[in-house]
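First up is the structure itself, then whatever we jot down about it.
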């Protein structure tokens, strides 16, 4: 007891508060447009059916993010740095192409979120998307990201509306609790796709790069590592709590009422118990905030990782001539994503959802590389994974890969899933 | 073997088959081990991999070595089992390729895309590292494709080679870390460039790089960094060395860094510093942030009114290098209160025997230690000063704020933003 109290000294608490951040920020960016959409759809379509995935997903998320925080703290290098130094330029080059494509998909989904949220207010996407794209670009090149980040994080308090809505919708809590721990696996294409999408949106490939980069940027060293670990756990917990309540409130307010979700405005119904007539407004503001924030973070951070890995000049303070690849990469992401959304009648909800599936497919590759690095004694010294950690992470990789392979097979040969499913 | 003076890129050699005298395949070339030579490092052995087995073949066994085939005579020197963790073993692929190095000309960090080896006398020496786009394309086996694409834009794929003479590992014992240019090259760099490079390095390398510099250069670089980051580096350093570096810094810059450290740590460092330097820093530390007291420097010329212009010039000459502001001489009475101020120009222009009391201008514009930074800035702007004197509570002269410190303070927000963005912005 005395030892515990000693650990709780003022100095240690201050130290923890100063290190706090990377995990929580990553977790909040994680609940972006694609995240909100996927969780809403999961609740609206399958009720409480998918809640059981939350606990194992959180465990997997903690394991994965903890490894990144540890790699960042021990080596002081970003993930793409480590991939380049450990596996050479060939692997890095193709991983970076895959990462660029998935993050492009995610950025598209963020702009879809912007379009969808502003269309609720009656703003045409042909106005909102080009304007937001220009705003994002200017914010990156001319603005101060630090301030923007604080505003967005503060606005994330909107997520508190979901637990409130879930409580006010008066669900059967026994049912919710049961659904949260008893697995309910259904072998049909839609359900499995949804499972993969949930894993994909909760554990997205960009998050590992982002988490590690923020740990490195904060200058956290191996000595302060215990605090960074706590930060990761707190962050992952918060992310999953928010996700849990989005699913639960959508299940209670949409699925149980027998409603369907076709547009983003439909998904706002979930908040009706808490916000009443303002539900749509609240949903729109929340979605807009999350989308715009992630639309700033993703293109910019992707450009950083790629330039870091390839050894190209980077930094927003550089001129286009000094760092052409850097500026080219993020400008291209923003322009391409905005253009895709402006294709007439682009199915926004489907795009947001699909990008999560792509995430799920690229994730195993990144995880395998991470595991090889984190187990390399030359790089990590005494901080390599323990056997339990390795077992959990290899298991995660195995499960995600398996789910993805099944999904892909089903897309190529429709009916494949029925073939391998147990009858009944 | 009798090596020609042909040059190769490591990427073209790695992965090539290695055969013995009879033409039997021994495996593929997995890596090249190198050893420090007198002028340039040379290739000491081939690391050959066959299936899961790795062996090391000494260079003297090599008969034929080019980008198509590598033939060895194992009777001359047998293959040895390869120990990857052996002391002092430097491997080209593992330890050098893809690592970061400092490009001094461009003042930035780049990655080693490829390595150039050239035959010199009867050895094969490492002569240059390739950090350009062409090297990247070559490593990926896409040199022709990339060349074709850039040809469409009427451009050549850029070459960028850094001669090995400029490359030197940061740490002699460890091999697996970023390389950098030789230390004297680093010292020549502008402290601001050096600071930017250090802040982009992984923390252990940043520390090593800072340690490899002399105290003065390290202090200059530290002063150019964000205080938060400088504090972080300093607190991880050995205390003795950290205090030596602090001594080399201007007191106000040292104070900026020390404010970022926990109190006990800052006091410990101050205790290790030279008493006189420590006192100056301590004084500055006591003032609240953003007041004139926190911005001022306490190295300035304060001379008595009876001193002649000639004596004053002698004094300035003798102390010029250790004083930040030499343009103004403050004339103090016995109670340490300023009576007036004389500029260097006025002193130079005055007859040698004129006293400072006669030369000085009596209307002295000053602020107090607890004045705001903005008040001091207004004074600089209004009266066109190079520096504003700062008075303590009792009216004695405590320090001066120079116009350039003022400028960087008032530009700090935009500067900070810029520097922060220089590193990362997410």
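Using N, Cα and C of the backbone, Cβ positions are placed for all residues, glycine too.
Curation plays no part in TrEMBL annotations; they are all automatic predictions.
As recorded in TrEMBL, the features of this protein are as follows:
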- A:12-29: transmembrane segment (TRANSMEM)
- A:49-67: transmembrane segment (TRANSMEM)
- A:87-105: transmembrane segment (TRANSMEM)
- A:111-139: transmembrane segment (TRANSMEM)
- A:151-169: transmembrane segment (TRANSMEM)
- A:189-209: transmembrane segment (TRANSMEM)
- A:230-254: transmembrane segment (TRANSMEM)
- A:281-306: transmembrane segment (TRANSMEM)
- A:326-344: transmembrane segment (TRANSMEM)
- A:350-374: transmembrane segment (TRANSMEM)
- A:394-416: transmembrane segment (TRANSMEM)
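Among A:151-169, A:281-306, A:350-374, A:350-374 has the largest number of CB pairs under 8 A with the transmembrane segment (A:87-105).
Using a cut-off of 8 Å between Cβ atoms, the transmembrane segment (A:326-344) and the transmembrane segment (A:111-139) share at least three residue pairs, counting only pairs 6 or more apart in sequence. Using a cut-off of 8 Å between Cβ atoms, the transmembrane segment (A:111-139) and the transmembrane segment (A:281-306) share at least three residue pairs, counting only pairs 6 or more apart in sequence. Fewer than three CB pairs closer than 8 A are found between the transmembrane segment (A:151-169) and the transmembrane segment (A:350-374), and contact between the two stretches is not assigned (pairs 6 or more residues apart). Sequence-distant neighbours of the transmembrane segment (A:350-374) (same chain, 6+ residues past either end, Cβ-Cβ under 8 Å): 33-35, 37-38, 41, 64, 67-68, 70-71, 79, 82-83, 86-87, 91, 95, 98-99, 101-102, 105-106, 108-109, 112-113, 193, 196-201, 203-205, 208, 340-341, 380, 384-385, 390, 393-394, 396-397, 400-401, 403-404, 407-408.
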